[in-house]
Amino acid sequence: MQSNTDSSGTSGTYSQTVGLLYVFNLIVGTGALALPKAFQSAGWLLSISLLTFSAFMSYVAATFVIEALSVANAVLSKKRRVEYDDVVVADGPSTFEIAKKVEVSEMASMFLSKVSLVFSYFAIIIYLFGDLAIYSTTVPKSAMNIVCSTINATIVKSSDPCHESWPEILTRMTVYRFFVIVFVVVVCLPMVIAGITKTRHIQIMTTLSRWAAFILMISLATMQLSSQGAAAHPPAYNFHGFGSLFGCAVYAFMCHHSIPSLITPMRTKENVFGKIAVVYGIVGVFYFTLSLTGAFAFEHVQDIYTLNFLHDDNTSLVYSIIDYFLALFPIITLTSSYPIIALTLINNFKVVKDILCPKTGQENESLLEADNQVEDNDTDDEREARNGNPKTIFDVLVPTLVLALPTFLSLLTDDMLLLASITGSFPGVAVQFAIPCLLVTAARKHARSVLNFPVPRKNNSPFQSRFWIMLISSWAGFSMIMVLLNLVGVKF
């Protein structure tokens, strides 16, 4: 897909401040809802240390993606000059200007070997599967807790009845599973079939609701701490909670797959590395405030933090409205995002099939087509009809698998913290750390050997030494081992 932004004009562009705000909104997603529980489980000092280091590693990887993006633009610039026999303009710093959006998948196709390319696609696919499982768990669990009796009074079990007056068969888990089926089959399946994606109005609505929800949660927890004192006293560190904390930390700083879509339209990229570092710092402070207030304000933090604000019946009307708004917040935001992730996942399967079993004349698609899905009005059926390609059993099995597997995982467990930690720890590590390292290593080599010009200092990541790539790789490997040991029950 081609970008709507013309490289020579300003159509579709925005100021650097707006672009940085988009980056902030992209990072601060619903993954933050699992952080307070992870903070309380792992301890406040370990949580602050790990989240700080994870944020720094995530920032380093983000600069790698931006540097690879500049090299990709130089490759396209050289290709255009060759096509038009423009031998006057030589390779130079200006060719590395980020003027055209090149998705992560396109950069992978430019720079990586077939093995690394397939690895990148599979990493994204597994990560998106985890994303869908988190979505199809968070929404039904929020709905179940709205319908069932409040969870703040006592610690409840999934086997407890939804209401004391209801039949025993209608346990909280039964009601939760009912909402899983309703959410996937009744709500999401029609949107996926119809190819419905997020519109600008829905994007504005979800952004406003996200800001309102996070500000309300921080304010309410702070008020509770100031009036009632700390309800819980988390330890400074608890290494047994390392696994869930690390996975949530990776998941909370995930933005790398969408960096090209946000950086390219900026009218100026002056000092972009430094300003993105400021964004990461602000996000870190925001996460610390949200997580620490929640970890100390509530005796038992829920894995979906918004559920802690479902008060007893004796609260005022204003508090009740706020509480139910917070409980509905994940339902509103995730329902609008589910079809985008599902359609992106379906497209990724098709791309992997084309890589492994190539067809003559088959058009390559982007690895992450969330933005392109909005711009492309043709459905898959219309494209296939135009190209004369009838539906195959693969075209039927893939959408079925995309919806069925995450739904099955959600039916097995309602532990969103577990799903977020696994998704962030394994495929998330590949998406956030491994793929950027592979891209920047190959892009730097391509710039020296093929373009015969080093990446200009303006477009260079501040982390040029191979030490940083080795550090990220070592950190990712160590963390994955720690997570695996925690999952199998090894005590520290």
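Note that Cβ sites are derived from N, Cα and C of the backbone, with glycine treated the same way.
Relative to the membrane, Val18 and Thr268 are recorded by Swiss-Prot on the same side. In this chain, the transmembrane segment (392-412) lies close to the transmembrane segment (178-198): three or more C-beta pairs between them fall below 8 angstroms, excluding pairs fewer than 6 positions apart. Counting same-chain residues at least six beyond the ends of the topological domain 'Cytoplasmic' (260-275), those with a Cβ under 8 angstroms from any Cβ of the stretch are 3, 5, 10, 12-16, 19-20, 22-23, 26, 63, 65-66, 69, 97-104, 107, 370-371, 458, 461-462. No contact links the transmembrane segment (211-231) to the transmembrane segment (46-66), because fewer than 3 Cβ pairs that are 6 or more residues apart lie under 8 A. Take the transmembrane segment (19-39) and the stretches 46-66, 178-198, 239-259, 326-346, 416-436: counting Cβ pairs under 8 Å, 239-259 has the most.
It is 416-436 that, among the stretches 178-198, 326-346, 416-436, forms the most Cβ pairs under 8 Å with the transmembrane segment (239-259).
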